[in-house]
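Chemist: Annotations per TrEMBL:
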- 64-275: domain 'ABC transmembrane type-1' (DOMAIN)
- 7-28: transmembrane segment (TRANSMEM)
- 68-89: transmembrane segment (TRANSMEM)
- 101-122: transmembrane segment (TRANSMEM)
- 153-173: transmembrane segment (TRANSMEM)
- 194-217: transmembrane segment (TRANSMEM)
- 254-277: transmembrane segment (TRANSMEM)
């Protein structure tokens, strides 16, 4: 009994924090998602209307499509970029440590500074890209004013700050046994074949981890879209979280915003479960059951 009380004393701070800062707010938001709560008038029950009306809102649906673009297009592009760069930085050459530092540094830059850098790069009047185009006699392009470029710029922004992912893949590459490459070389396999037959399968656990974490992070994209151009132009870069923020803190429809949050939670949960359930078919664990 004494040991049990001692154990309870250790976990009590965590339990209190979990109860006060997660469980109670989550339960309250679930209840309020079925009301017309606006922080001014007493809430009234509206049933499932908050959930049903969302799928009739074109701005909400566009924000959802934009977010799915970042998840299903942006994340794979980011993963490919991280794997490519980490593979190049894994080659033992003189000065490679310096390049590793250079690729990691952008990750340490605050997001607001990153956005300002990209605004400087893609600005119509004084942007670096347009100045470069002007040297070749090409007319200026409104990168931040055209819908077609809104989402790709945010994807590039995430790739630019991909230092943590590169670090994860570098660690995974260091863990690939060298004798496998030696055996492949003796069998006549070149570097490209060795990469696809040995390297990729051996780093699939790191790919799975990065995939899940980056998918969740991209579902929650907010800062980049808000600071770059507040989701414009014409909601072309509006993300799910930005739309939820506007619904709650601009329109004061907190009940509707909480319904949006729970829909996002369900989407993330379903996609994460599907990815983890299918991972046993393509993720290799050394010494494990990989059927």
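Glycine too: its Cβ is placed from the backbone N, Cα and C atoms.
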Chemist: Using a Cβ cut-off under 8 Å, which residues of the same chain at least 6 positions beyond either end of the transmembrane segment (7-28) come close to it?
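Modeler: Same-chain residues near the transmembrane segment (7-28) but 6 or more away: none.
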Chemist: Please indicate, using numbers and ranges, the residues of the same chain that are 6 or more beyond the transmembrane segment (101-122) and have a C-beta under 8 Å from a C-beta there.
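Modeler: Same-chain contacts beyond the ends: 85, 89, 128-130, 143-144, 149, 153, 156-157, 160-164, 166-167, 223-224, 227-228.
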